[in-house]
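> I'd like to ask you about the structure that follows.
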Amino acid sequence: MNRKKLQKLTDTLTKNCKHFDKFEVKCLITLFYNLVGDVAERPGVVTGLDRNVFRNILHVTFGMTDDMIMDRVFRGFDKDNDGCISVSEWIHGLSLFLRGTLDEKMKYCFEVFDLNGDGFISKEEMFHMLKNSLLKQPSEEDPDEGIKDLVEITLKKMDHDHDGKLSFVDYEKAVREENLLLEAFGPCLPDPKSQMEFEAQVFKDPNEFNDM
């Protein structure tokens, strides 16, 4: 991408970006095109990060390991649901991912955890997500029992209207009372160390990012 195009794109994306300044947006655009590769300049080809490339970034850079959660994070970034992350989706997604307010992060995490998109986190959804985070003990007759117990404990803590599922209102109230519950069903945001390392590297020289 030539300098003029890059400058124009930077100006456009900075206008709609809450948490990055112009220099940071420029670095993230440069990184995006480094990750996408040569396809960027081909006419008629949709430019974007596909699911595999994006999941690799989540895994290698931000230490995420849960396939289900990584898939949901991809969907959270891919707002137009076209199967790849465009440069504007990349900037807006990272703005929240790295520097979002508590309100923004609550909305994002809830959408990640609401696996079927019906506006609630059901017992079944909790079970699926928590199952991946618990180690099975070989001595247990029914390893799912421990997970079912954990679901019940979580509901008791977070289900304020006692309807057997979590609405956003339930979730928000619980998280405001105890911030640690933000990622109650699995890590879907970077930990502070990964975030600092990513920002230090990318906002210094995005061209060296792949050497990390």
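Positions of Cβ are set from backbone N, Cα and C atoms, glycine also.
Straight out of Swiss-Prot:
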BINDING   ASP78, ASP80, ASP82, CYS84, GLU89  Ca(2+) 1 binding site
BINDING   ASP114, ASN116, ASP118, GLU125  Ca(2+) 2 binding site
BINDING   ASP159, ASP161, ASP163, LYS165, ASP170  Ca(2+) 3 binding site
DOMAIN    65-100  domain 'EF-hand 1'
DOMAIN    101-136  domain 'EF-hand 2'
DOMAIN    146-181  domain 'EF-hand 3'
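Help me picture where these features are in the structure shown.
Under DSSP, ASP78 (Ca(2+) 1 binding site) is assigned to coil, being neither helix nor strand in the three-state scheme.
ASP114 (Ca(2+) 2 binding site): 19 other CB atoms within 10 A of its CB, across all protein chains.
Within the same chain, the residues at least 6 positions away from ASP159 (Ca(2+) 3 binding site) whose Cβ sits under 8 Å from its Cβ are LYS165, LEU166, ASP170, listed in sequence order. In the three-state DSSP scheme, ASP159 (Ca(2+) 3 binding site) falls into the coil class.
Proximity of distant same-chain residues to the domain 'EF-hand 1' (65-100), defined by a Cβ-Cβ separation under 8 Å and at least 6 residues beyond the stretch ends, is recorded for 9, 13, 16-20, 25, 28-29, 32-33, 46-51, 54-55, 58-59, 108, 111-113, 115, 128-129, 132-133, 186-190, 195, 198-199.
Note on the domain 'EF-hand 2' (101-136): residues 66, 68-69, 72-73, 76, 143-144, 146-148, 150-151, 154-155, 164-168, 171-172, 175-176, 179, 182-186, 188-189 of its chain, located 6 or more positions outside it, place their CB under 8 angstroms from a CB of the stretch.
With DSSP states grouped into helix (H, G, I), strand (E, B) and coil, the domain 'EF-hand 3' (146-181) comes out at 26 helix, 2 strand, 8 coil.
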> Taking only C-alpha atoms and a 10 A limit, tell me which of ASP78, ASP82, GLU89, ASP114, ASN116 are near ASP163 (Ca(2+) 3 binding site). These are the binding-site residues.
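Among ASP78, ASP82, GLU89, ASP114, ASN116, not one has a Cα sitting within 10 Å of that of ASP163 (Ca(2+) 3 binding site).
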> About how far apart, in whole Å, are the alpha carbons (Cα) of ASP161 (Ca(2+) 3 binding site) and ASP118 (Ca(2+) 2 binding site)?
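It is 17 Å, counting Cα to Cα.
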> With an 8 Å cut-off on Cβ distance to the ASP159, ASP161, ASP163, LYS165, ASP170 Cβ center, who else from the chain surrounds the Ca(2+) 3 site?
PHE120, LEU155, MET158, HIS160, HIS162, GLY164, LEU166, SER167
> Using a 10 angstroms cut-off on Cβ to Cβ distances, just flag whichever of ASP78, GLU125, ASP161, ASP170 is the loneliest among these binding-site residues.
ASP161
> Enumerate the residues of the same chain, ASP78, ASP80, ASP82, CYS84, GLU89 excluded, that satisfy the criterion Cβ within 8 A of the mean position of the Cβ atoms of the recorded Ca(2+) 1 site; list them in sequence order.
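Close Cβ neighbours, site residues excluded: GLY48, PHE77, LYS79, ASN81, GLY83, ILE85, SER86.
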